[in-house]
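Asker: According to Swiss-Prot, the protein has these features:
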- M50, G198: substrate binding site (BINDING)
- R125, T171: ATP binding site (BINDING)
Amino acid sequence: MQPDLHCRTLAAHTLKHFRALSPLTHCMTNDVVQTFTANTLLALGASPAMVIDPVEARPFAAIANALLVNVGTLTASRADAMRGAVESAYDAKTPWTLDPVAVGALEFRRRFCLDLLSLRPAAIRGNASEILALSGMALGGRGVDTTEAALAALPAAQALARQIDCIVVVTGEVDYVTNGQRTLSIPGGDPLMTRIVGTGCALSAVVAASCALPGAALDNVASACCWMKLAGQAAAERSEGPGSFIPAFLDALYHLDVEAANATN
């Protein structure tokens, strides 16, 4: 099935709801991107909470609006905390999102992520290599880097979405968002987004937060991808390189006006 182009008008409408709700988003993410992830959510209007201790993570997941599990710096003790939080979220019907960082390259995290799939994530966000590996169609990748184009992983993403009954996001130059039956494409962004650490991980947090919104999950998640792409483009226009890109990106998210961006493109 061919992907449809995501509607920016819908993304603008969704952003208004997102800012009004300010989803409390429980981020169990990797050590490298904690600050950037929290600042990304804050800039868009969400409320991040970086609760990782096993004693606290389980009860907090039940009161949050959304949960993110990112396995980038996975350890055995952190895996236990994440599993407890996911079980709590599942019982409380809190939507949770999986970011299977480098899942095709390392066996421990691959087995951990596969085990978590039985607890029905609302969304999965990864690059092409990660989605191919999680679906069982291929292993590999270079850590957080992909060795495949996003479009090459689309059949795997669609199959995984049908298998788990969730939204799957494959990110790249064009992002693809699918529920297994319908697929949306989101072009845009800028190559500078790949020259700093954390844009993909931060997107996963925004995806997680968007899953707390009412309405169609496919459209909400695609809107989250659209916001990040638009902010990346705007930030790149005002940046001289990676160092100046990061603050410009956060400013672009804070001032994001999808309707205005739509009118100028």
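Quick reminder: no glycine exception, Cβ is built from N, Cα and C everywhere.
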Asker: For a quick check of packing: other C-beta atoms within 10 Å of the C-beta of R125 (ATP binding site), how many?
Answerer: 31
Asker: Please report the Cα separation of G198 (substrate binding site) and T171 (ATP binding site) in Å, rounded to an integer.
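Answerer: That separation, Cα to Cα, works out to 13 Å.
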Asker: Cα distance, M50 (substrate binding site) to T171 (ATP binding site), nearest Å?
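Answerer: T171 (ATP binding site) to M50 (substrate binding site), Cα-Cα distance: 24 Å.
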Asker: Counting all other Cβ atoms within 10 Å across every protein chain shown, which of the binding-site residues M50, T171, G198 scores highest?
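Answerer: When each Cβ's neighbours within 10 Å are tallied, T171 tops the list.
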Asker: Which of the three DSSP-derived classes (helix, strand, coil) applies to R125 (ATP binding site)?
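Answerer: Looking at the DSSP assignment, R125 (ATP binding site) belongs to a strand.
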